[in-house]
Amino acid sequence: MISTSGDRGPQTGLGGWAISKRIAPDIWAGIDRLNFLVLFPALLFVSASVRPIAISEIASVGVGVWTVMGLGFGLGLLLRSWGPASFLDFAGTWQTAWRFNTAIAFVAASAMPAAVSGIMSVAIGLAVPVANVLAVGALSRGRGGWKLRLIAIATNPFLLASLAGISVGLSGIALPKVPVQALSRLSEAAVPMALLSIGATMDWKAILRLDRFCSGLNAIKLLILPFAVWIVAPHLTDDAALVALMIVFAALPTASAAHILAGAFGADRRVPSILIAQSTLLSCITLPLWIAVALRL
């Protein structure tokens, strides 16, 4: 289903960048909303529900992705003295050390064997709520409004679709053919549309603003986390597909909406926006290298 788009990813992204100035910002915002509410939930549900899932698989994948995010959480905190003086502004940037870009996760999965790409939706479903809870906890830190944010997390379409798909996969129930085909058609549009949108928002000048703090956060997300998985994970499990998945997951650039959550809590949006652009651009170099490492396992 998603395996056909991986080889055309760079071209599609560049296409989005090329046409970005010719399309109104409201249209791009509509595309992002369509992806968030419909296309990616369909992709998450179909990917998780079309194959049987074992409880042991959920446990191993869950421990893996939570450990990776926990490591990013801890390493990012070590950069506190390099960051903004305000803890709230620091928290807005700190979240980029463990949050991940869901769209690029599926693009990367499409370049991997079926044994790996098939469990990416499970990884995302287990990682999304934890990543957001950590971010909300860091940004709230005793401030009001965190209850509303947790409600928003609990009703996140990605989370709901992932949980529904995982539940179907665990049950072994075969869904009716017609609804599955309809959802599959929607899911096929998710990755290409996301790539167009990512390309359209690419800020090539962000690389010029790589200071010590931003370099440290990007190094954690794009280099240190996947390297740690590559070195440690093979000693903890013999499942090559799981290790490959964890390497790719750890190497993903940060979430494209991290600045929105920062702004919602009153933190500075500017630096998170710069970090998102830097992470996305740098991952064009680092992520293919980590995928190559994962494919050699």
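Think of each number as a place in line: the chain as shown, counted from 1.
Heads up, the Cβ atoms here are built off N, Cα and C, so glycines get one too.
Record features, source TrEMBL:
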- 34-54: transmembrane segment (TRANSMEM)
- 61-83: transmembrane segment (TRANSMEM)
- 103-136: transmembrane segment (TRANSMEM)
- 148-169: transmembrane segment (TRANSMEM)
- 189-207: transmembrane segment (TRANSMEM)
- 219-236: transmembrane segment (TRANSMEM)
- 242-262: transmembrane segment (TRANSMEM)
- 274-295: transmembrane segment (TRANSMEM)
When counting Cβ pairs under 8 Å to the transmembrane segment (148-169), the leader among 34-54, 61-83, 103-136, 189-207, 219-236: 34-54
Recorded stretch, among 103-136, 242-262, 274-295, maximising Cβ pairs under 8 Å relative to the transmembrane segment (219-236): 242-262
Paired segments the transmembrane segment (34-54) and the transmembrane segment (189-207) in contact, 3+ CB pairs under 8 A: yes
